[in-house]
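Residues annotated as active site, proton donor in Swiss-Prot: 98. The FMN binding site annotation in Swiss-Prot covers 7, 8, 9, 68, 139, 200, 201, 202, 224, 225 and is backed by sequence analysis. Residues annotated as site 'Interacts with tRNA' in Swiss-Prot, with sequence analysis given as evidence: 35, 95, 176, 272, 274, 279, 295.
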């Protein structure tokens, strides 16, 4: 079984990837999306969103990273895919699942679910641009507002030549509502395809991971929000290990707090720590207490002083 760390825009930035891969055995990470419009992007854009490209596309602990592209113009997706591959990406992933209103408003992400033919052409262009030895993957949801087109969407991906497909078990309109997860539909789609299907959605622990594998019939899982709730989730899902003790979570947060300038992700660092604590408190009651302690911090120095105090 492979366990893949999902792309989460504005959340799983390069340094969080580094932290999580150093305490897990992820088989692959997918980067935050590189937005492609109507031009070949400069190399600095790829390096900013995926600095692992400086290290042969690997995190510090050796986990391969695959660049994800977002856009709706097959030609420009293909040209930017070639650039990402030249820089060292371990294949290319196409984003057809992001539910963000901003992204969808510019005809990217999940908006492509309404246009299976465009998904086909984009996938085909990527497959032609990427060397055959390297994978082209596509991440989708079950549909826009219902799952009636799920088969058509998946067929478009397969007919376009993708190596594998990741299916999030909800529609775009379902958002992240737990009661809307539909693993059974992933299984229906999987049985129709000959390419590998990676299941995604509502995987929080060993039990839900096993349930997802059983109901979808998939052999591989992609985890996103759960990886932030329990920082060693791949170990939990793969090996039924216990969740990481809070003391070890604190060490990760301490590392994060002291690397404010290591990567330029374009996001406000203090807010990112607070955001991560929002995820952590679902599994660790201590995270809420720490959030209350730092919630008035507005700069990195104040944040570090607070966290250093807790560590000591």
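Note that Cβ sites are derived from N, Cα and C of the backbone, with glycine treated the same way.
A quick note: this is a predicted structure, and the numbers were derived from the prediction, not measured.
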9, 95 as recorded positions, winner by CB count within 10 A: 95
Those recorded sites listed as 176, 279, and which of them has the most Cβ atoms within 10 Å of its own Cβ: 279
The one of 7, 224 whose CB sees the fewest other CB atoms within 10 Å, among these binding-site residues: 224
Reduced DSSP assignment, residue 95 (site 'Interacts with tRNA'): strand
Site extent for FMN, whole Å (max Cα pair distance, 7, 8, 9, 68, 139, 200, 201, 202, 224, 225): 22
Integer Cα-Cα distance in angstrom, residue 176 (site 'Interacts with tRNA') to residue 201 (FMN binding site): 8
For residue 201 (FMN binding site), nearby residues of its own chain (Cβ under 8 Å, 6 or more apart in sequence): 168, 169, 170, 181, 183, 212
Cβ neighbour count (within 10 Å, all chains shown) around residue 295 (site 'Interacts with tRNA'): 12
For residue 272 (site 'Interacts with tRNA'), the number of other Cβ atoms found within 10 Å of its own Cβ: 19
Rounded inter-Cα distance in Å - residue 139 (FMN binding site), residue 95 (site 'Interacts with tRNA'): 5
Chain-internal residues, separated by at least six, CB under 8 A from residue 98 (active site, proton donor): 9, 33, 70, 104, 108, 109, 110
For residue 139 (FMN binding site): DSSP state (helix, strand, coil): strand
Residue 279 (site 'Interacts with tRNA') and residue 224 (FMN binding site), distance between Cα atoms, whole Å: 11
Residue 7 (FMN binding site) in three-state DSSP notation: coil
